[in-house]
Amino acid sequence: MEAEEERAAEAQREKEAGNDAYRKQYLETAVDHYTRGAALDPRDISFLTNRAAAYLLMSKYRECVRDCEEAVERGRELRADNRLLARALSRKAAALLKLAACAADYAPAVRALQQSLAEHYSEDTRHKLDQAETARKEIEERERLDQEAADHHRQRGNELFQRKNYQEATAHYTEAIEKNPNDPRVFSNRAQCHIYLGNLPKGLEDAEKCIELDPTFLKGYVRKANVQFLMEYYESALATYIEGLKCDPNNLVVINGLRRCAAYINRSNGGDVGPDDLEDILGNVSSDNDLRNKLQKLMEEAAALKKEASDERLRRIESERMARTSEDLYLNQVQQRREAEECLSKIEQEFQQLKVRQDEVSEEFQKATEHNENLQHQLTETIRALESMRGNATSASPSSSGSVLDENRIPSYFICPISQDVMNDPHIAADGFTYEGDFIRSWFSTGSDTSPMTNLPLEHDELIPNIALRSAIQEWLQQQNVAPG
């Protein structure tokens, strides 16, 4: 246990030393420290990601990709934090983007960025993915246009070839190659033009390039063998025809070429063979046991290679299909995550709006409650005044009914705060106080929007008749034998 702790501590010291060297741009030194740390603590994938970062700055992009892939594989085995895996994939994508700038192949970088987003979403990674996809689409569009131009020049070259205008056909094939240098058919066609024009070295060069681009393209071997035969390299031509048998063991052009080469090799070795005896020579070649056995063996090998190539093609197609399926799954995951985040953001915005509305409703409710309490208070006071007046009327003597109004006994809530007279048409304003209707309307008509009592702004200028108070005032006036004003 102590030994493991000591190794972990030593690994941590190597990491710190590597980080310090990385910050000082001593990248080779940083790589050495990270390498020793990774050996001491193989469960910590940060040694690999840190070393990958150093390789990235050193322009060692393939080493960076290798370390990132190892970090992801080991991290998944150890169930490491998704953010660490996302960082490794993002760093791998950075190296692949550098390589893509040279190879014009952004698909691996796009795939790595999509995998990084699937592990952990990051706006920076999303931005890099958008840029990579844009670059890939631009290259694909450029390749599509180049391919269209290449097909046009190839077809034009074929038309001129049929007319035996080999010089102009060669020019169009050259234009097609400049637009798409990976089409073996164009090199094969141009090689044949060079043969007809007598430019055998260039014909040989194009035929070899054709075979390099597609080792299964039979015409490339036929073109190359024809050039070698015309240059009197009969042994080389024979070997090329034998290689061509691997593409098609039963091709008559190749078999006839083998016979022709064998005849000329026989002639060059001292045989007296003329054009009239060619059929006999070809028959002798066919009856030669060693050559027949060799050709039979080559044909069997060619058949096996053809089957192997077919199986390999099927495996490649299946691998590409699985890669596309995996890419689609990653894209779906990224899309679903983006939609979920957008939905969550929308819900949060709606929640905030509801919260603001709730606060507004609470405030309005509080104001309404206070207003209601004020009205309730005035109603209570009015009821008390009515009860008091009924009691006074019961106990009053007849002689007092004709007395004049005693201002000292006028209830204060019968007095208008503005006119200071007993109200004849009481109305309740927005501040909860009751005023003489004409006077409070005159107050508003002057442009004032504040309370006459509190001097605070009023929410509105609507007035409510205070019927209960008016009845109380009229009853009181009748008891005092005073006509309303």
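For all residues, glycine too, the Cβ spot is worked out from N, Cα and C.
Here TrEMBL flags 122-155, 288-392 as coiled coil. The feature domain 'U-box' is assigned by TrEMBL to 409-483. The annotation repeat 'TPR' is assigned in TrEMBL to 150-183.
Residue counts for the domain 'U-box' (409-483) by DSSP state, with H, G and I taken as helix and E and B as strand, are 26 helix, 12 strand, 37 coil.
With a cut-off of 8 Å between Cβ atoms, the residues of this chain six or more beyond the repeat 'TPR' (150-183) that come close are 189-190, 192-194, 196-197, 213. Note on the repeat 'TPR' (150-183): DSSP counts are 27 helix, 0 strand, 7 coil.
For the coiled coil (288-392), the model's pLDDT averages out at 72.
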